[in-house]
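Quick look at what TrEMBL annotates:
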type     : residues : note
COMPBIAS : 59-72    : compositional bias 'Basic and acidic residues'
COMPBIAS : 77-87    : compositional bias 'Low complexity'
COMPBIAS : 88-98    : compositional bias 'Acidic residues'
COMPBIAS : 122-135  : compositional bias 'Acidic residues'
COMPBIAS : 136-146  : compositional bias 'Basic and acidic residues'
DOMAIN   : 1-60     : domain 'Coiled-coil'
DOMAIN   : 119-284  : domain 'DUF4211'
REGION   : 1-20     : region 'Disordered'
REGION   : 35-155   : region 'Disordered'
Amino acid sequence: GKRKRLSTSVMYDSDESEDSDILVRKVSAKRRCIIDDDESSEKQPPDKTCPTENVSTNRKQEVLAKLKELARKSAARRSCSSANCEDSNSEAEIEEEPLCQLPLTPSEGSETDSGSMKDFIVDSDDDDDDDDDNDNTEHVKSENQPHQKQPNPSNSKLLAQYIPQLSRCDHYVHFKRIVKAFLINAIDDTFLSSLYDGTRQKKYAQDMLLSLHYLDDRFIQPRLENLICRSRWKDRYKERVDCYPDVRISLKNTKNMSCQACEMKRCCKFNVLLSGRLYNSKTLEVDDFMSDDKQVLKVGVVCANRTRVYHNLKHFKYKLYMGCSSVAELDGVEDEPVKDTVERLFSHLEESGWIQERYNDLEDYMEDADNFQEEK
């Protein structure tokens, strides 16, 4: 709020007689002098502190000059900080927003400056001065407008790297990058491992790594966690489903027993057959240890359905890679640069609709997971 000064002085005569009991009160407010005692006003000299209209106009001009000076100093500090300290771009933008977006008027000072603008606020006596204030406001606003900063493009890159959902890249574009990365790894089996260990730093490789993280962190892993936290599965059963990339669920004879997934008493009529070789979830390298091992488990209907949905998502990336490897193995073209082979195979898969079909499968698996969570 605006600060108003009210100075009141009350003087009593030391003599207590009725003739000498004279009360004089002076009130200074709104630049007017008020003296209650008419007799003493004749003898009292005129108050030199009461400003005239010219003094009021000069004071207002001084205030506007100080406002402009503060605006120029603020602009100079901003230009200096943007040139020398790139790390403080975000803070500078926060400080500049009120100055750029709001008109800088004599009654509204910029609170971002170190000096308090309250000391420069003046009470307006007449409504006619509003027109002059508006003109001066437009002039000050036009001085500050050129200093408005444009968004820093480096911030968008950081957002795309650390918050993938804010990236402008379409989901299907991410998916096609993953297919191309799998085709390269099918020819050069060290490609994925070199992506994850940071050996490859070129832009195309970093884009592929970003897309792989996008698939895991945004599409698959959150749904797997929700499926598990809403279930009564035991850790041992989950580990078995995670380790075996192949599953076959078949209807068998009904048996009242403890479900081997949740260990609850259930009417179990499904057999879950788990098989396949263990593999690395990132590099997709296969471990041949106990490659022929199989597990058969008896489960109830709810756990059987949850196993199907969970397994489809958990091992989707591996199945996609195995499909790309099969295409590369059946190609049979030799003595061709890896880049040319990958581009040719990728174009063939895209034109035939194979990539789109695999992407549709992924969307179906994610929808099944979402709907299963809603049922639970």
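Placed from the backbone N, Cα and C atoms, the Cβ positions cover glycine too.
Secondary structure counts, DSSP: the compositional bias 'Basic and acidic residues' (59-72) has 14 helix, 0 strand, 0 coil. Mean pLDDT for the domain 'DUF4211' (119-284) in this predicted model: 80.
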